[in-house]
Amino acid sequence: MSMTTKHNWTKDEIIAIYNKPLMDLLYEAATIHRQQHDPNVVQVSTLLSIKTGGCPEDCGYCPQAARYNTGVEGNDLMTVSQVKAQALRAKSNGSSRVCMGAAWRNVKDGEEFDQVLEMVRTINKLDMEVCCTLGMLTENQAQRLAEAGLYAYNHNLDTSEEYYKDVISTRGFEDRLQTIENVRKTNVTVCSGGIIGMGESIEDRAGMLVALSTLNPQPESVPINALVAVEGTPMEEEKPVEIWEMIRMVATTRIVMPETQVRLSAGRTNMSREGQAMCFFAGANSIFAGDKLLTTPNPDVNEDMKMFETLGMVAQKPFIKIMQPKTVEAADSQFAPLGEKPKWSRPGHTIERNIEASIKSKI
């Protein structure tokens, strides 16, 4: 039913949808949702931080940036067997996807990347969808991940191109788009979304949805995060997002990207079950489960399963939309590492609150 998908949404059109009376917005979103998806099925993904902290970037929301003092303990890359154990646990808890996150600016060819490729092979062989979020990557690196059996690659746009400059100064918005472009040259699906509650306007939220919805095909998954303001980060003072904003954002995302999995991501601990149920009604059909999301608290998986039971919802099986990728063993790989790293722009502007948080961390 992809004939309903439109790739030329304008910012004004999206703002008009977002601002509709809530009952109309919910009705429209729920109608589209039911045409494309089973409303009682929700995908459960588990996020694993395979390498935490110590990142050289300055993202204003992020407790893993080395320059901010947030109490995050940096650690080394997890071993393949540790990851396998976590994936098996996730599978037994109803997850159909494992997303592995490394706090890297970009992928570097070498031992650590080889280890990540082995993790991808291992999880794909457990018959689970594998997703990675490892920062920027080259086309060759994307090909090697695809060959290992990667199902999805996550690279969030975070916000609109305009507001991006107030969040991050160590790379540009166009660098995000380039990595997504590199992933799309392979058969790996794209997962890309953003964060609300960073001080952005509704125009910025719409701008982010323009950037995502004009991709063709549209992303397979779009995570919608509510900022969790962490002490020590530049955004520690931001007020929590109201549940109505989350519901509107989910509904609007569903309307402009009918076939996408819309994922409730960070910030669910601050949402009541009623609030989450309204998000599911509005078109959210994916959640992150597990005790924490990288470094942020998350509801207990048993609580989530109880909520599903209350709502009469079931967890989605893996590989419903796209067939399971085949895994090619390292020895049979068609792609040699090129020893290259992604190029990125250095925008050169400064962000006052990021600098202040960085100075404060040294005191």
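For all residues, glycine too, the Cβ spot is worked out from N, Cα and C.
Over in Swiss-Prot, the protein carries these features:
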type	residues	note
BINDING	Cys55, Cys59, Cys62	[4Fe-4S] cluster binding site
BINDING	Cys99, Cys131, Cys191, Arg263	[2Fe-2S] cluster binding site
DOMAIN	40-268	domain 'Radical SAM core'
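Features recorded in Swiss-Prot, as mapped to the structure shown.
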residue	record	Cβ neighbours (10 Å)
Cys55	[4Fe-4S] cluster binding site	23
Cys59	[4Fe-4S] cluster binding site	22
Cys62	[4Fe-4S] cluster binding site	24
Cys99	[2Fe-2S] cluster binding site	30
Cys131	[2Fe-2S] cluster binding site	25
Cys191	[2Fe-2S] cluster binding site	28
Arg263	[2Fe-2S] cluster binding site	25
Between Cys55 ([4Fe-4S] cluster binding site) and Arg263 ([2Fe-2S] cluster binding site), the C-alpha gap once rounded to whole angstrom: 25
Rounded Cα separation (Å) that holds between Cys191 ([2Fe-2S] cluster binding site) and Cys62 ([4Fe-4S] cluster binding site): 19
Inter-residue C-alpha distance, Arg263 ([2Fe-2S] cluster binding site) and Cys59 ([4Fe-4S] cluster binding site) (nearest angstrom): 21
Non-site residues, in chain order, whose CB comes within 8 A of the mean position of the CB atoms of Cys55, Cys59, Cys62 at [4Fe-4S] cluster: Glu57, Asp58, Tyr61, Pro63, Gln64, Ala65, Ala103, Ile168
Within the predicted model, mean pLDDT of the domain 'Radical SAM core' (40-268): 93
CB-centroid shell, 8 A cutoff, [2Fe-2S] cluster site Cys99, Cys131, Cys191, Arg263, site residues removed: Ser45, Leu47, Arg97, Thr133, Ala152, Asn154, Ser221, Pro223, Phe288
Helix, strand or coil at Cys59 ([4Fe-4S] cluster binding site) [DSSP, three-state]: coil
Distance, Cys62 ([4Fe-4S] cluster binding site) to Cys131 ([2Fe-2S] cluster binding site) (CA atoms, angstrom): 20
